[in-house]
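Take a look at the structure below.
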Amino acid sequence: MFYQFTEVNQSSKSWKDVSFFAFSDENYGSTYTMLRYLTYRVMVPIVSILGVLGNAASILILYKQGLKKSSNILIFALAVADSMFLVGINNASLKVYLDINFPVYGYYYAEDVAMLLYVTFHLFVLLETVGKVASMILPPLIIVERFIAVFFPLHFSSVITSARIKAAVAIIFLLGLPAYFFYIPMTKYFYTLDVVRNATAGYILKSDSFAQDAATFGLISEIYATLCGPMSVCFVILGCVLIAVRIQLQVKKRASLSQAHLSTTTSKANLDLVNRKMKEAKSKRTTKILLSVCVVYSITGSFNFVSDMVLNSQRLGIVLGNIFHWMSIIVLCINSAANFLIYVALNRNFREMYKKLFCTCLLLDTLFID
């Protein structure tokens with residue numbers, strides 16, 4: 001297939017050579033096409049909408065509770081990152097570029113409209129990239145925070161402060177920007193005449209530097225993916241195991257000490273013990289919630305990097321490789337949408353506040369209709 005753009009015409013490059021997005025003329029069958037449609041047009045949008053709504057509720061509730069506790073700050077930041085990713089992955093501008101005139105790619109609109117769509121495309125990429133990087137690196141920070149809370153409880157308040165957590169969260173979000181800035185020089189925008197269709201269109205093409213040195217770009221991308229993927233996931237898995245073991249040992253030790261303490265102390269001392277147990281139970285509940293988030297992250301993150309590094313097109317062929325890639329996208333969306341369900345299931349106060357928020361929304365909706 002040759003789309004001879006007037007300026008590219010002289011080099012006789014095919015569409016595959018210049019297009020930034022992979023394209024194949026081969027027909028892989030109706031099942032393959034249906035799976036692609038179900039992934040990008042059904043599953044991803046549905047999961048994303050539910051996830052964004054849930055995360056928005058989490059953000060409102062946590063903001064109302066206050067962002068003084070380190071756990072609230074981390075959950076709030078994770079909800080923001082997940083929402084950014086879920087919005088960005090549904091790149092409406094890219095869908096216009098790839099699907100409207102399929103199998104021909106391009107923004108077949110007036111020059112101003114095409115440029116606006118291209119800028120919108122980059123805004124979605126920015127949200128997706130920064131959101132994905134932040135949502136992959138925040139769980140290791142959660143593990144560090146819980147590790148100190150469980151292993152060094154006496155030093156927790158002096159080491160983990162709200163100011164330090166907010167600074168760490170800000171740095172993590174800033175780490176997503178280089179990934180996006182790295183993406184920019186890989187592409188270039190080109191508005192020209194498609195002589196085959198006799199229509200002008202805007203195209204997202206490979207930049208000259210990317211076309212000439214794709215291997216270097218690929219290596220840098222893999223290094224970044226490894227840091228945000230396997231390394232983060234392995235760190236979280238190890239942290240979850242250590243914290244879980246520590247908690248079990250503490251439970252057994254405190255149970256034996258409490259039994260001996262109750263039989264030898266006064267009622268006032270017993271009251272102090274009860275108060276201390278209530279504080280420990282609250283801390284344990286917070287740890288349980290955050291560890292549940294990290295466990296879901298470990299499972300979905302593991303599947304994601306295994307599918308990208310092992311179950312890919314180079315090893316399994318285009319059809320199976322793409323199917324596993326689509327599955328990994330759905331799994332990532334589920335990970336970004338599932339945290340809200342964890343908060344609702346494990347935190348009674350959060351459930352009550354969500355019910356109030358939901359009832360308030362229904363009341364406002366009723367008043368608006370009336």
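Glycine residues also receive a Cβ, built from the backbone N, Cα and C atoms like all the rest.
The domain 'G-protein coupled receptors family 1 profile' annotation in TrEMBL covers 54-343.
Residues or ranges marked as transmembrane segment in TrEMBL: 42-61 (among others).
Per TrEMBL, transmembrane segment is recorded for 73-94 (among others). Within the chain, the transmembrane segment (73-94) has long-range Cβ neighbours (under 8 A, six or more residues past its boundaries) at 44-45, 47-48, 51-52, 55-56, 58-59, 62-63, 67, 117-118, 120-121, 124-132, 134-135, 138-139, 141-142, 145, 162, 165-166, 169, 172-173, 289-290, 293, 329, 332-333, 335-337, 339-340, 343.
Below 8 angstroms of C-beta separation, residues 84-85, 87-88, 90-94, 96-97, 100, 180, 183-184, 189, 191, 194, 197, 199-204 of the same chain, each at least six residues beyond the ends of the transmembrane segment (106-127), sit close to that stretch. Annotation source TrEMBL lists transmembrane segment at 106-127 (among others).
Summarising the annotation, TrEMBL assigns transmembrane segment to 133-155 (among others). Note on the transmembrane segment (133-155): residues 70-71, 74, 77-78, 80-82, 84-85, 165, 168-169, 172-173, 175-176, 179, 228-229, 232, 235-236, 239-240, 242-243, 246-247, 250, 283, 286-287, 290-291, 293-294, 297, 301, 335-336 of its chain, located 6 or more positions outside it, place their CB under 8 angstroms from a CB of the stretch.
What TrEMBL lists as transmembrane segment is 167-186 (among others).
Annotation source TrEMBL lists transmembrane segment at 223-245 (among others).
The transmembrane segment annotation in TrEMBL covers 289-311 (among others). For the transmembrane segment (289-311), the list of distant contacts is 71, 74-75, 78, 136, 139, 142-143, 145-146, 225, 229-230, 232-233, 236-237, 239-240, 243-244, 320-321, 324-325, 327-328, 331-332, 334-335, 338-339, 342-343, 346-347: same-chain residues at least six beyond its ends, Cβ to Cβ under 8 Å.
The transmembrane segment annotation in TrEMBL covers 323-346 (among others). Note on the transmembrane segment (323-346): residues 32, 35-36, 39-40, 43-44, 47-48, 50-51, 54-55, 57-58, 75, 78-79, 82-83, 85-86, 89, 131-132, 135, 285, 288-289, 292-293, 296-297, 300-301, 303-304, 307-308, 311-313, 316, 354 of its chain, located 6 or more positions outside it, place their CB under 8 angstroms from a CB of the stretch.
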